[in-house]
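*Asks:* Have a look at the structure that comes next, please.
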Amino acid sequence: MARNKIALIGSGMIGGTLAHLAGLKELGDIVLFDIADGIPQGKGLDIAQSSPVEGFDATLTGASDYAAIEGADVCIVTAGVPRKPGMSRDDLLGINLKVMEQVGAGIKKYAPNAFVICITNPLDAMVWALQKFSGLPKNKVVGMAGVLDSSRFRLFLAQEFNVSVQDITAFVLGGHGDTMVPLARYSTVAGIPLTDLVQMGWVTKERLEEIIQRTRDGGAEIVGLLKTGSAYYAPAASAIEMAEAYLKDKKRVLPCAAHLSGQYGVKDMYVGVPTVIGAGGVERIIEIDLNKGEKEAFDKSVGAVAGLCEACIGIAPSLKQ
């Protein structure tokens, strides 16, 4: 039986980490693509040379021609410019929109049956544009955001309570930006809701709000520390979790930027919501009940994403279709 084929479009820090993780998990053969010739080939060769030590079997190749991604089962898109200190994700819009147009054309031509995971920022607007540029089915194009944001929330909670990260569940909804909505009411420690833990004296409401704000600022905190780039280990791990759910038909319940067609009162936009990911791509969108405050925060986040999509249309009017 032929191995799955995974195309990594963009071979920067996230792309290289994706290739390593996909190899370690033996998810399939891996193609690293980048317009900067030599970088994908070099990283592919370097990671391949680690396979005898780490004990995985996968073919890794690098390319600067989209023809190399032909027939890919999964495409993970990281191409574009990363954030630098003082920049918001939204500052990247104009540059990365042009990149998405090129990437969309490449995927449409060579990998039209792939499950596509977009990581490029500003995430919600870029995945929306990528789906339109590529013409792929909406359930086969998703954005990686919620898994990462929820992972950050889970880590901070585990550190606060001094418990294992494995015992924390957390949900973050909305756009991947300053308006994201970490949902304390739907987050638990070993099944115990955070709201109950406040009543039990484990944490104050004020401290919990500080953790929620740190989650919102999670990416910016790392950008500020690195000074020359943005996060790559956790984003790569998050995207690999999504790819694995698709390739192995795991039916994982994962928050991601999915296309909404009326759910949560949102139409023709990509926003972070809980989904079921299996062999059919996004097989289901889970609509959870939101209280008044949560709904207001979610709607504010949706409004921010809508503004970015409108800005995209201003740059590329063809997206209005």
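Placed from the backbone N, Cα and C atoms, the Cβ positions cover glycine too.
Sharing the features that Swiss-Prot gives for it:
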type     : residues                                                 : note
ACT_SITE : H176                                                     : active site, proton acceptor
BINDING  : G10, S11, G12, M13, I14, G15, D34, N96, I119, T120, N121 : NAD(+) binding site
BINDING  : R83, R89, N121, R152                                     : substrate binding site
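Help me picture where these features are in the structure shown.
*Replies:* DSSP assigns H176 (active site, proton acceptor) to coil in the three-state reduction, placing it in neither a helix nor a strand. Other C-beta atoms found within 10 angstroms of the C-beta of H176 (active site, proton acceptor) number 30, with every protein chain shown included.
Non-local neighbourhood of I119 (NAD(+) binding site): I14, I76, V77, T78, G143, M144, P235, A239, each in the same chain, at least six residues away, with C-beta under 8 Å from its C-beta.
In three-state terms derived from DSSP, R83 (substrate binding site) belongs to neither a helical nor a strand segment and is classed as coil.
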*Asks:* Within a 10 Å radius around the Cβ, which one of these binding-site residues has the most neighbouring Cβ atoms: G10, G12?
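*Replies:* Per the Cβ count, the most surrounded site is G10.
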*Asks:* Between R83 (substrate binding site) and N121 (NAD(+) binding site), what C-alpha distance do you get in Å?
*Replies:* 8
*Asks:* Spatially, and counting Cα to Cα, which of the binding-site residues is closest to H176 (active site, proton acceptor)? Options: G10, G12, D34, N121, R152.
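*Replies:* It is N121, whose Cα lies nearest.
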*Asks:* Please work out which residue of R83, R152 has the most C-beta neighbours within 10 angstroms of its C-beta, and give that one of the binding-site residues.
*Replies:* R152
*Asks:* Using the residues the record lists for NAD(+) (G10, S11, G12, M13, I14, G15, D34, N96, I119, T120, N121), what whole-number Å value is the largest Cα to Cα distance?
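*Replies:* About 17 Å separates the two most distant Cα atoms.
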